[in-house]
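Following: one structure in structure tokens, then a few remarks.
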Ligand code: PSU
Ligand code: MN
């Protein structure tokens, strides 16, 4: 390393893949993708096919995918084929929120990044658009557990546009929307005036702002930049199409059973969300998985169009 390189722990800086680095430098559209959904939110071996499919969706829309993960103590933005395979297949991949990044880098550990860690690393790498399934948020029973996903606080201080199907329906959705308001995170309904419900097209809660095209989202991003001030995320809440949603009549009773079982087993902390998603999948005979995948696909495709509209400005 030359003496002009940054002193200290330069080897802990995020590593952009060559493709992502070139795209960022040339202001071409890039979409950040998280890896926790791959490693901990979807069953093997389908998760690898989904990871590849999502990257393919971004590419076919003319943008560059940047899946984010930590491998052997390196934070990576943009993975090659082998690295993506490892995220999907290695059972030792940890679940890393933003606060876990420094210890993971220092320990040389490997892990998948949640929304909080992905949004942080993607923004550091200069990316503006990020797609996921459903955000974390305030869990039901918050008064007992104080379980609120670190996603919310991180998004409050990170200037990135997150395309999602709302927040996971296993959460207390009205409380999460209230927290987003308090934290100053903007919420745009994409083609809807109802906040989407992750597996369901609508959570029944209203949203204050509706946009109808990627160009409109880019306009909001531009206005946010022009205003200046502390960066906060912009949430583009994109509903799963009604004909691909989970049957709403199935959702509520099955979720109640899953929550009960989670309580009985005393599952807490980072394990709660993967446990509930898995329980819903089992108790709906796989139907929740299909709805989750439909939501993610729609979000990734929309994120690619938003990144393209943003790059064209
Ligand atoms: N969206 C999905 N499936 C997932 C997640 C999002 O469709 O598994 C992940 C994201 O990584 C999100 C995390 O940040 O779930 C939330 O976990 P927690 O509630 O422990 O913060
Ligand atoms: Mn939590």
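Keep in mind that glycine also has a Cβ here, set from the backbone N, Cα and C atoms.
Remember, TrEMBL labels are computer predictions, not curated facts.
Under the three-state DSSP scheme, residue 34 (active site, proton donor) falls in the coil class. Under the heading active site, proton donor, TrEMBL lists 34.
Secondary structure at residue 168 (active site, nucleophile), taken from DSSP and collapsed to helix, strand or coil, is coil. Summarising the annotation, TrEMBL assigns active site, nucleophile to 168.
Cβ neighbours within 10 Å of residue 115 (substrate binding site), excluding its own Cβ and spanning all shown chains: 27. Secondary structure at residue 115 (substrate binding site), taken from DSSP and collapsed to helix, strand or coil, is helix. The substrate binding site feature in TrEMBL is assigned to 95, 115, 149, 150, 151.
Feature annotation from TrEMBL assigns Mn(2+) binding site to 147. Same-chain residues at least 6 positions away in sequence with a Cβ under 8 Å from that of residue 147 (Mn(2+) binding site) are, in sequence order, 138, 139, 141, 268, 269, 272.
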Fewest-neighbour residue among recorded positions, criterion Cβ within 10 Å, set 95, 168: 95
Which of 34, 150, 151, the listed recorded positions, has fewest other Cβ atoms within 10 Å: 150
DSSP state at residue 147 (Mn(2+) binding site), helix/strand/coil: coil
Recorded positions near ligand 2 among 95, 115, 147, 168 (Cβ under 6 Å): 147
